[in-house]
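Pasting the relevant annotations from TrEMBL:
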ACT_SITE  Arg273  active site
BINDING   Lys97, Glu181, His216  ATP binding site
BINDING   Asp518, Lys687, His717, His719  Mn(2+) binding site
BINDING   Arg590, Thr854  substrate binding site
DOMAIN    1-431  domain 'Biotin carboxylation'
DOMAIN    101-298  domain 'ATP-grasp'
DOMAIN    509-778  domain 'Pyruvate carboxyltransferase'
MOD_RES   Lys687  N6-carboxylysine
MOD_RES   Lys1092  N6-biotinyllysine
Amino acid sequence: MLLRVLQGNHVLSGSGRIALLSWTRGQSSKPIEYKPIKKLMVANREIIRVAKHNDVDAIHPGYGFLSERADFAQACQDAGMRFVGPSPEVVRRMGDKVAARRAAIEAGVRVVPGTDNPVTSTEEAVQFCQKHGLPVIFKAAYGGGGRGMRVVRNMEDVEESFQRATSEAKAAFGDGAMFIERFIENPRHIEVQVMGDKSGNVVHLYERDCSVQRRHQKVVEIAPAPNLDPAVRDQMTADAVKLCKHVGYENAGTVEFLLDDKGQYYFIEVNARLQVEHTVTEEITGIDLVATQIRVAEGLTLQELDMTQDKIEPDGCSIQCRLTTEDPARGFQPDTGRIEVFRSGEGMGIRLDGASAFAGAIISPYYDSLLVKVIATARDVQAAASKMNRALREFRIRGVKTNIPFLLNVLENQKFLSGTIDTNFIDENPQLFQYQPSQNRAQKLLNYLGQVLVNGPSTPLATPLQPAVVHVQPPEVDVIAEPPRGWKYIIDTEGPEGFAKAVRQHPGLLLMDTTFRDAHQSLLATRVRSHDLLKISPYVSHKLSNLYALENWGGATFDVAMRFLHECPWQRLSDMRRMVPNIPFQMLLRGANGVGYTSYPDNVVKEFCNLSVQAGMDIFRVFDSLNYIPNLLLGVEAAGTAGGVVEAAICYSGDISDPSRTKYTLPYYLDIAEELVKAGAHVLSIKDMAGLLRPQAASTLIAALRAKYPQIPIHVHTHDTAGAGVASMLRCAEAGADVVDVAVDSMSGMTSQPSMGAVVASLQRTELDTGIPLSTVSDYSAYWEQTRTLYAPFECTTTMRSGNADVYLNEIPGGQYTNLQFQAFSLGLGDKFEKVKQAYREANQVLGDLIKVTPSSKTVGDLAQFMVQNNLSAQDVLLRADELSFPKSVIEFLQGQLGEPYGGYPEPLRSKVLAHMRVEPIEGRPGANLEPMDFAAVKSSLEERFSNISDFDVMSYAMYPDVASQFFQFREKYGPVDKLDTRIFLVGPRVAEEFEVTIERGKTLHIKTLAMAADLTPNGEREVFFELNGQLRSVFIRDEEATKGMAVHPKADPTNKLSVGSPMNANVLDVRVSEGDKVTKGQPLVVLSAMKMEMVVQAPADGTVKAVEVGQGTKVTADDLLVTLE
């Protein structure tokens, strides 16, 4: 019977550590206790005990650490069992690099200059380097596999490198002694496979090229070595056989050489065991090396096995790739965790030698990172590489990082394919690390769904209402046919000026549909997702092609997309452009505030507009919340320079039809219009955010603008809060407006825009006929009527049942009205909303009767809620201004962060507040004195923390640093959640529910929710089970509520580089700093060990150690906090 000793790097979840034993015949029925094996010496005794207990005849050690242990080989012999490998004496002699070197010299084989005896101290290492010069290489004297190996090129690195190398060697082989030799630059690593018998016969099975290495460990092996001079091959193989005969070698082994660029080769070591890469030799020779080992151990000679040298010939080419759980992008750091998905590649010419890689396996940090060996065999290197490429692309491994993307780059590299490689191949080809990491979208989505099922919605729900259980289908349209030409064609062919001229010449009234932005901002808290917008987009493109524009972007939708919907606003714009190529898009640009709530450097606003045009934007409605001309002019310049249509907007407030309202009068609006026309506006817009433009005032204002500017198109925007929106828009049209804003019927009214259907029907068969069929509007409305039920948790009708004409008194903007209601309810002021509205009116007067548009409207709203919460009257605010702690938005407004209000700041309120808060006032345009943003530096900083950062992401960060950072983190963790149906995105699927998710064209995931475990794991996680495309999948989700009292190691903050986290799952070997220590950038902080590899974690910047979260022996997982600097 044969006992094989196997080593693996994974175990079944929850099963602890297990030993894998197999034998070829017979099995004892005696009960036996298997105990965890912790030390190599214990392993020797335990394996021998198990083998004897089961009447084992021979032990094959595989190619793990025990295969290189002479004491284990001796223990087998002493126990009366055969060790399948060389004799203990040969293992001992060849395993000692110094002894092997002496043997090579005795046999007449050329060696590299090096130490004569093992080196055990730093002092000896320093002396050798000083005497013989650099570079040198430290090698473990009693082991191989790249462990305990360091190349040293600078004297100041000798001590640290020696300590790390000897520590690794001691951990791996039980002895930290080092062998030092001169380092040969850019050699090829060629090894010769040998086989000897007990009669002294030795043959070679040709060579392998193992030059593709990382950390001195082989990654890709090729047999035979490409482009090797036949004369060198003959000499090298002859020397290998000569050395093995000299030491009386028997069984399988490998003699390793370095070959320099002059054709000189040097012996470096003998691996007295079967090697990981023996597979490629088997493939080209047709000889089963393991079977041969066993037969030789039985006593058969090579001649009896028909293995004489003249009968061994190589045929074809074989490549082996070591598929490891390592992250090449992070210096091949080992990755650990649970394999969530495992599917291998197969096919003709492909061989897989693997351990227990399967879905559910746990990759631990305590063993080698090798997961599976993939061997491809064909007629030559190029053909074998092609087979390997195909096989690796078929692999699907999720849950841990692998080196597959890196291997694919190697296989496609021309130097590799031509066989011109050496041991510096990886270092000299940094492009090998430039690859697109696996997106892992399916598993990320399952993690998101599990997160929602275990911990509840990721987007806070504003009300107890639940999304409707409906699957909304858009009205049918022929998506194969090209949509009709729309106004977008005019913009593209004639430019902004030609577009403005064509609009002015158009005989009927043009409509802009706000359903895609302002309507849902007003009615559904801006929560409508791209998923539902894109679903109806083809219908809009084909059936509403004569719309002036779709208002679909900018304003609050920008940050809400990232903040609450977890989707990229730029991707939304790009996707809509693809779906609606014929209708112009319009966005809301807050002048110098971009799409934010503060001032930005000028170059940020300008670059934002450039990127917006690139992503598909056409028309920029540029406004300023205070009608502050300098802020407006920057926005006009930025939009115009970017090539967009500049629609300069005047924000409307007050009532020009009321003679008693003397601040915002008709001359005031005409003066602003004059400034905007001079600045180059293509279109003039009236932006009536609160719905204050009454029909009579509408006629007066538009008639005056039309008389003064007969050639410029006029566009009017309003809200229907009071219910008079349709009447006002009709009066605007009759007075000369070219465009008015509407929302589809089921998304109109109240704080949204006037009804599209009502305006269309009112103008049918008149000179102002819109040309839009009422039936088209009806079909469009039916879609949104059903879709709106998906957003029940955000439904404005929960708190607002109808329009309200008191808006003429409080002047609350439509987009703010419902948000203010939700805020009031969340602050416990739901029953005091009438007081909030009254306070809004008072707050507006306290602040000087402002133009109220985001963000100035937020200032008024914050002050109103502050007044109600603290039971303050307007008089109280004025009297106690120098002692109250005002909301931040109020302080920033009074400081001048938004620009200067018309008529000046309210005094003495401003002076009192700024003096109390010790804030200096800002005079003039706030952003004028800001330093330009360095986009390249911002991108570089983001790329250190997140993957796949684009220029669009940089701009998102420029506008909203914290929100964007959180979104990038969410995106990496959970993937494309925007592809989920809305109900499932918000509240998760029901148990046993089946649904589909199309992540891209041609890739649809079929998911079924199966169950959620009732019991927690020791780490406080619940396992959630799914069926994905017919295969069982599960994810572990931490139960936040159930684990509130559990002690959990803190995680590093990915947004703060002074929060230093562990780069991998590992053990802490050493902590080099203490709290209060001063450190410099690059200084060692902590030494980690994982998979027998040691890593020094260095300080990312100069600073002081604020806290040390680990100690020697601490087990950490990836991203666990190690040290905090300040």
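Each Cβ is built from the backbone N, Cα and C atoms, and glycine gets one as well.
TrEMBL annotations: computationally assigned, not manually curated.
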Excluding Asp518, Lys687, His717, His719, please set out which residues of the same chain place their CB within 8 Å of the center of the CB atoms of the Mn(2+) site, keeping sequence order.
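For the Mn(2+) site, the extra neighbours are Thr514, Asp688, Met689, Thr718, Asp741, Gln753, Gly814, Gly815.
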Have a look at the binding-site residues Lys97, Arg590, Thr854 and say which one has the shortest Cα distance to Arg273 (active site).
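Looking at Cα distances from Arg273 (active site), the smallest one goes to Lys97.
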Taking the recorded ATP site as Lys97, Glu181, His216, identify the other residues of that chain whose CB atom sits within 8 Å of the mean position of the site's CB atoms, giving them in sequence order.
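Other same-chain residues near the ATP site: Gly114, Ile137, Phe138, Lys139, Ala140, Met149, Phe179, Ile180, Ile268, Glu269.
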Return only the integer: C-alpha distance in Å from His719 (Mn(2+) binding site) to Thr854 (substrate binding site).
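On Cα coordinates alone, these residues lie 14 Å apart.
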Using the structure shown, find which entry in His717, His719 (the binding-site residues) has the sparsest Cβ neighbourhood within 10 Å.
His717
List, in sequence order, those binding-site residues among Lys97, Glu181, His216, Arg590, Thr854 whose Cα sits within 10 Å of the Cα of His717 (Mn(2+) binding site).
none
If we check Cα distances from Lys97 (ATP binding site), which of the binding-site residues Asp518, Arg590, Lys687, Thr854 wins as closest?
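That would be Arg590, nearest by Cα distance.
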Have a look at the binding-site residues Asp518, Arg590, Lys687, Thr854 and say which one has the shortest Cα distance to His216 (ATP binding site).
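In terms of Cα distance, His216 (ATP binding site) lies closest to Arg590.
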Report the nearest neighbour of Arg590 (substrate binding site) in space among the binding-site residues Glu181, Asp518, Lys687, comparing Cα positions.
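Of the binding-site residues Glu181, Asp518, Lys687, Lys687 has its Cα closest to that of Arg590 (substrate binding site).
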Could you tell me the maximum Cα-Cα distance in Å between the residues recorded as binding ATP, namely Lys97, Glu181, His216, rounded to a whole number?
16
Quick one: Cα separation, Glu181 (ATP binding site) versus Thr854 (substrate binding site), in Å?
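A Cα-Cα distance of 71 Å.
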What's the number of neighbouring CB atoms sitting within 10 A of the CB on Lys97 (ATP binding site)?
25
Could you round the CA separation between Lys687 (Mn(2+) binding site) and Thr854 (substrate binding site) to a whole angstrom and send it over?
12
Would you mind checking how many other C-beta atoms are within 10 angstroms of the C-beta on Glu181 (ATP binding site)?
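Within a 10 Å radius of the Cβ of Glu181 (ATP binding site) lie 21 other Cβ atoms.
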If you count the C-beta atoms lying within 10 Å of each candidate's C-beta, which of the recorded positions His216, Arg273, Arg590, Lys687 ends up with the smallest number?
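Each of the recorded positions His216, Arg273, Arg590, Lys687 was scored by Cβ atoms within 10 Å; lowest is His216.
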Just name the winner among Asp518, Thr854 (the binding-site residues) by count of other CB atoms within 10 A of its CB.
Asp518
